Amino acid sequence: MSFTASLTHFINDNGPLILDGGLSTELEAHGAKLQGDPLWSARLLQTDPQAIKDAHNRFLLSGADVITTATYQASISGFVKHLDVSSEGARELMMSGVHLAKETVNRFDSGQRRLLVAGSVGPYGAFLHDGSEYTGAYAEEMSVEELKLWHRPQVDCLAAAGADVIAFETIPSIKEAEALVELLREFPNCKAWLSFSCKDGKRISDGSLFTDAVQVGSRSTQLLAVGVNCCNPAVVEPLLDSARTLLRPDMSWVVYPNSGEEWDTERGWLTSGTTSAWTPDLSHTWLKQGAALIGGCCRVGPAQTAELRQKHQTYPLKCSCSVLYFLLPCVS
């Protein structure tokens, strides 16, 4: 059976591709001290790579089809600055995020499931470590070329390490989205998804309309999906509905919101008196809207991933053929 045919068979039998949840949430649940760290979970690539592999494995055990590397807040310059390594050492650390994920996948008994590794690329604001990844304010002072220059080393490392797909995630700015779409052309063998952080049911975090952001993504034939992540689950349905006519026929939605709890840049997640708004039941609506990749972000762990897997174990999905690109390795 060909790769294309095997994935078509997988989707028809099992529903959408299930993404993992919040990697940092899971690492913290098992003792990692990440709050306030400018490298966040990426520090563990150097200090405790086994903890990352263990977290990946727990998501696989819960039923995730796609695991995401611990590179969201990683960068070459960030590693050089905060870990006192050389540029070459920083590149090796960045690539190790993919290697750790692939080692975990290769050792996992997946049965008939085909497991995939998404190389995480966070926004420039994540490097700044000042909360601007949820506003995109920095992009006002930067050009598209400057943003491309910043992201290029990270994408190059993840592609060279063999990530199955690049995950441009939590992007708050339409200008940064334009930069990433342009940069992706420099890696013609790579496929990617592009997901935005959003402030309400109509707008991404910098205030731009989600419809305009989707149109930016639709320009790239290398993007297999566009969508949202790390936003309140309540805004997903109106966001997707607002742009329902703008996806190319060969593109799908990617959806992985956070728990819906409030985040404070000084104190972290404010959980007192708040319950998670993320439930696997919401995914049926997203699926009907055309989502082919569904999961969770911050404060969503393996237990919720397992519930999502159970919901969609035999749920039929009519998805766009763009998801078939997952079977192509991303090599520069």
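Heads up, the Cβ atoms here are built off N, Cα and C, so glycines get one too.
Note that TrEMBL annotation is computational and uncurated.
Positions annotated as Zn(2+) binding site by TrEMBL: Cys230, Cys297, Cys298. The domain 'Hcy-binding' feature in TrEMBL is assigned to 5-312.
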Non-site residues, in chain order, whose CB comes within 8 A of the mean position of the CB atoms of Cys230, Cys297, Cys298 at Zn(2+): Gly22, Thr170, Asn229, Cys231, Tyr256, Pro257, Asn258, Ser259, Gly296, Arg299, Val300
Confidence summary for the domain 'Hcy-binding' (5-312), mean pLDDT rounded: 91
Residue with minimal Cβ packing [other Cβ atoms within 10 Å] among the binding-site residues Cys230, Cys297, Cys298: Cys298
